[in-house]
Amino acid sequence: MEKLKRKIAEQGTVLSDEVLKVDSFLNHQIDPELMLAVGEEFASLFREEGVTKIVTIESSGIAPAVMAGLKLGVPVVFARKRQSLTLTENLLTASVYSFTKKTESTVAVSASHLSKDDKVLIIDDFLANGQAAKGLVSIIEQAGAKVCGIGIVIEKSFQTGREELENLGIRVESLARIASLAGGKVTFLQEVGS
């Protein structure tokens, strides 16, 4: 998705060979027009899958997930990272490791929001090692629902996340695939060798 790649090139900050900061448009401040375009792209990619729900993880996955939900006409459920007074029973949970934060947390979704009849699209802001997405897959499977794909805004293709998810037989679509962050420069996958 060229609009997203331009935004990454113009406003993204490479903090290390493994960390890209995009807080000016995705995971702190949000660019609504860009997120609408992201949602439209995900809707186009997954429209034929018969999606009935979108699942994401708080908080950076919520904006792209909501826009995709709007375009697909389906509800969005987000897995909570923190215990809530209103989210205490009948929970589907999974343990996930955050590559960026270097922490493990338990995420939860109320079982009342997913059913065995749901066809679920997972959407998240980043794909690195795939642990967050695998946690969401586990939650969806606990509900007896079907994962029909995973939509990622920015994929760090130099890490193992895509391979791990595809090895589970899951379709992964990423709107921007980064081959490298070496030398403080973002190199997109199709630029390699050109």
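Each residue, glycine too, has its Cβ placed from N, Cα and C.
If you look up Swiss-Prot, you'll see L20, N27, K156 marked as xanthine binding site. What Swiss-Prot records for A128, N129, G130, Q131, A132 is 5-phospho-alpha-D-ribose 1-diphosphate binding site.
A Cβ within 8 Å of the Cβ centre of A128, N129, G130, Q131, A132, the residues given for 5-phospho-alpha-D-ribose 1-diphosphate, is found for these other residues of the same chain: V96, Y97, F99, L127, A133, K134, Q159, G161, E164. Cα separation, N129 (5-phospho-alpha-D-ribose 1-diphosphate binding site) to K156 (xanthine binding site), rounded: 9 Å. Annotation: N27 carries the greatest number of neighbouring Cβ atoms among the binding-site residues N27, N129 [cut-off 10 Å, Cβ to Cβ].
Listed in sequence order, I57, V96, Y97, S98, D124 are the same-chain residues six or more apart from A132 (5-phospho-alpha-D-ribose 1-diphosphate binding site) with CB atoms under 8 A from its CB.
The binding-site residues shown are A128, G130, Q131; of these, the one with its CA atom nearest the CA of K156 (xanthine binding site) is A128. Local packing around the Cβ, expressed as the count of other Cβ atoms within 10 angstroms, is greatest for G130 among the binding-site residues L20, G130. Rounded to the nearest whole angstrom, the C-alpha distance between Q131 (5-phospho-alpha-D-ribose 1-diphosphate binding site) and L20 (xanthine binding site) is 18. Distance noted between the C-alpha atoms of A128 (5-phospho-alpha-D-ribose 1-diphosphate binding site) and N27 (xanthine binding site) is 15 Å. Between the C-alpha atoms of G130 (5-phospho-alpha-D-ribose 1-diphosphate binding site) and L20 (xanthine binding site), the distance comes to 16 Å.
In this structure, Q131 (5-phospho-alpha-D-ribose 1-diphosphate binding site) is part of a helix by DSSP. In the three-state DSSP classification, N27 (xanthine binding site) falls within coil.
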